[in-house]
Every structure is written in structure tokens, then in C-alpha cells.
Amino acid sequence: MFSSVAHLARANPFNTPHLQLVHDGLGDFRSRPPGPTGQPRRPRNLAAAAVEEYSCEFGSAKYYALCGFGGVLSCGLTHTAVVPLDLVKCRMQVDPQKYKGIFNGFSVTLKEDGVRGLAKGWAPTFLGYSMQGLCKFGFYEVFKVLYSNMLGEENTYLWRTSLYLAASASAEFFADIALAPMEAAKVRIQTQPGYANTLRDAAPKMYKEEGLKAFYKGVAPLWMRQIPYTMMKFACFERTVEALYKFVVPKPRSECSKPEQLVVTFVAGYIAGVFCAIVSHPADSVVSVLNKEKGSSASLVLKRLGFKGVWKGLFARIIMIGTLTALQWFIYDSVKVYFRLPRPPPPEMPESLKKKLGLTQ
């Protein structure tokens with residue numbers, strides 16, 4: 001599979017100009033016409049520089065594997081770091097009478113459980129979101145290449161927002177299957193006092209009570225929450241980066257240093273995160289209540305909460321998701337920089353399309 005994807009990636013519109021030089025300029029140089037001295041012509045220095053600049057080809061198995069590793073770090077570490085805020089948010093959703101607001105929620109939790117109580121659920125959070133990040137970012141890169149090659153260069157540019165939405169939705173579908181068991185255990189630990197304090201205690205107890213259903217009954221609401229969230233996260237980020245370089249950053253991306261590019265990544269990530277929190281919050285409320293209660297269904301929970309109830313805890317979630325999304329993109333892009341992975345610039349209109357639209361002579 002990866003070999004076919006790598007082959008498609010070579011001509012992909014999201015590929016970098018440097019990598020195109022690698023593919024076009026570093027073929028079998030013995031087949032090149034001989035030079036004036038009769039020796040085979042050597043590849044251009046520019047292509048050689050591109051080989052030294054990147055650690056792997058765009059679209060190779062190594063590229064996708066390292067993108068997945070970047071997803072593990074970006075999602076696993078950030079979600080674990082905000083466990084206290086997530087815990088209070090979940091408790092506000094399932095028991096709004098007791099936890100009346102974000103500050104009151106922290107106060108009540110500290111009073112009843114102490115400082116250690118704020119870390120409840122850290123293990124399933126780390127494991128679950130690490131697996132989710134692996135699938136989310138790794139498969140996004142795969143689907144982006146596959147879908148863009150199905151569309152062709154010109155349509156990829158014209159319909160790039162739709163492509164981002166489709167690729168991210170496809171990736172998140174699989175990512176949520178990996179996340180669901182750990183998310184169910186996390187919510188039980190955080191919202192049911194006395195049920196279990198650790199993943200080791202919660203998982204066997206859940207299986208004994210409800211079987212495998214206990215771990216996957218929340219997967220459909222997870223799709224409801226995470227797929228819109230991820231579609232917004234990737235599409236909004238990609239287009240915000242494009243807009244920042246076009247209208248805000250005073251110089252082209254190619255002239256920006258790596259730290260400057262990472263600042264743009266962080267800002268675009270935070271903007272995307274605010275929108276992510278808003279579109280996914282109602283489903284997040286349903287997931288929190290559903291995983292707390294035995295024998296309940298998403299439709300019953302949604303009916304009971306009502307329109308006002310599903311928006312409880314939104315402010316806390318905007319703070320959490322905005323910061324979270326910005327840090328995730330920053331970490332993910334930093335991993336690409338560290339491992340010297342290809343980082344294509346924002347897409348530009350193909351020359352063939354410019355000619356069709358009469359934008360060039």
C-alpha cells in the first residue's frame with residue numbers, strides 16, 4: 001500500500017518543489033546525455049541539496065510513520081497535560097447542580113479529592129489520545145495524497161478546502177475506533193466517585209458489567225464529536241496558515257526562519273481550536289453523560305439534556321481546546337522540523353489553471 005501511495009505522492013500537488021527536483025533530477029543519471037568530456041552528466045546541485053535537506057521522500061513509508069509519531073506526541077502529551085481542566089469540564093456536564101462553573105468545579109474537586117484528584121484519568125487519556133493521534137495525523141497525510149491524486153492538480157487547488165475536510169474526516173473515523181475504549185474508561189474514572197481510581201481497576205470492572213459494549217457504546221457519539229472537530233481542525237488550520245502568509249506575514253514562507261514558521265503554526269492552530277470547540281461541544285456533552293450511565297443511549301441523553309444542556313462547560317472547553325489545538329500543531333510541526341521531513345508550503349495556483357483563467361500571458 002505504502003509503495004503505491006509513495007508513487008502517487010511524487011506527482012502530488014501538495015509535494016514540495018524541492019522534492020520534485022529529487023524525483024526529476026535524481027533518476028538514473030547514466031541515461032543522461034554525456035557531457036562535453038564524454039562523462040555522464042551529474043544531477044544538478046539543487047537536486048543534491050534537496051536530498052541533503054530532507055531525511056526521507058514525501059509520501060514514503062518512513063514519512064507517514066514519522067507523521068504518525070508526531071501525532072502520538074502532539075495528542076498524547078497535550079491531552080494529558082490538560083487532564084485537570086478536562087476532569088472539571090466533564091463533571092460540569094454530568095452534574096451541573098454540583099459543579100456550577102469552572103472555578104467552582106476546581107474548588108469542589110480540590111475540597112473532596114485533593115490535588116491528586118485533579119489527575120484522575122491521566123492513564124487512559126495518555127494511551128487513548130496517543131493512539132488517536134497516531135491514526136489522526138498519519139492517516140490524514142495518507143488520505144490527503146490519495147484524494148488529491150484522484151482530483152488532479154487543478155481540481156485539488158480549486159477544491160482544496162473540501163479535500164482537507166474529506167481527508168480529515170476519513171482519518172478521524174479510524175482514530176476514534178482506537179480512542180473509544182480509553183475514553184470510556186476515562187469518563188468512568190473522572191465522573192463516577194468510588195467506581196475506580198485507575199485504569200487497571202476500571203477496565204476489568206467495565207468488561208465484567210457490560211462486556212465489550214462498555215468500551216465501544218460511545219464510538220458513535222465520538223464520531224459525532226470528533227469528526228466535525230477534526231474536519232474544522234485541519235481545514236481551518238490549513239486555510240488560516242495560507243491566509244496568514246498571504247495577508248499578515250510580511251515576507252514569503254520560504255524567507256521565514258524555522259522558528260518564525262512555527263509561530264505562524266501556533267497562531268493558526270489556536271484560531272482553528274476555537275472553532276473546533278464550538279462545533280464539537282454538543283456531542284462532547286452527550287459522550288460525557290453517556291459513558292457515565294449504564295444502559296443509556298445517545299438519543300435519550302440528547303433529549304434529556306436539551307439545547308441549553310448540551311452547551312454546559314463551553315467556556316472551559318474553548319480555553320482547553322484552543323490551547324490544545326495550538327500546541328498540537330506546534331508539536332507536530334516541530335517533529336517534522338526535527339526529523340527533517342518535507343513541509344510543503346501553502347498550495348499555489350497551478351500554471352495551467354492560471355492560463356485557463358487568463359491570469360498569465
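Just so you know, glycine gets a Cβ as well, placed from its N, Cα and C.
Here is what Swiss-Prot says about this protein:
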- TYR195: phosphotyrosine (MOD_RES)
- 50-62: topological domain 'Mitochondrial intermembrane' (TOPO_DOM)
- 86-120: topological domain 'Mitochondrial matrix' (TOPO_DOM)
- 141-160: topological domain 'Mitochondrial intermembrane' (TOPO_DOM)
- 183-217: topological domain 'Mitochondrial matrix' (TOPO_DOM)
- 238-260: topological domain 'Mitochondrial intermembrane' (TOPO_DOM)
- 284-313: topological domain 'Mitochondrial matrix' (TOPO_DOM)
- 333-361: topological domain 'Mitochondrial intermembrane' (TOPO_DOM)
- 63-85: transmembrane segment (TRANSMEM)
- 121-140: transmembrane segment (TRANSMEM)
- 161-182: transmembrane segment (TRANSMEM)
- 218-237: transmembrane segment (TRANSMEM)
- 261-283: transmembrane segment (TRANSMEM)
- 314-332: transmembrane segment (TRANSMEM)
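When each of 63-85, 121-140, 161-182, 261-283 is checked for Cβ pairs under 8 Å to the transmembrane segment (218-237), 161-182 comes out on top. Counting residue by residue with DSSP, the topological domain 'Mitochondrial intermembrane' (141-160) contains 18 helix, 0 strand, 2 coil. Non-local contacts of TYR195 (phosphotyrosine) by the CB criterion (under 8 A, 6+ apart in sequence, same chain) comprise ARG188, ILE189, ALA202, LYS205. Under DSSP, the residue listed as 'phosphotyrosine' is assigned to coil, being neither helix nor strand in the three-state scheme. Residues 86-87, 90-91, 94-95, 112, 120-121, 123-125, 127-128, 287-288, 290-292, 294 of the same chain, all 6+ positions outside the topological domain 'Mitochondrial matrix' (183-217), place their C-beta atoms under 8 angstroms from a C-beta of that stretch.
Taking Cβ pairs closer than 8 Å, the topological domain 'Mitochondrial intermembrane' (333-361) reaches residues 13-16, 18-19, 53-58, 63, 66-67, 69-70, 73-74, 153-154, 156-158, 160, 238, 241-242, 245-246, 253-254, 258, 261-262, 265 in its own chain, all 6 or more past its ends. Long-range contacts of the topological domain 'Mitochondrial matrix' (284-313) within the same chain, counting only residues at least 6 positions beyond its ends with a Cβ under 8 Å from a Cβ of the stretch, are 89-90, 92-94, 96, 102, 183-184, 187-188, 191-192, 209-210, 217-218, 220-222, 224-225. Counting residues per DSSP class in helix, strand and coil order gives 25 helix, 0 strand, 10 coil for the topological domain 'Mitochondrial matrix' (183-217).
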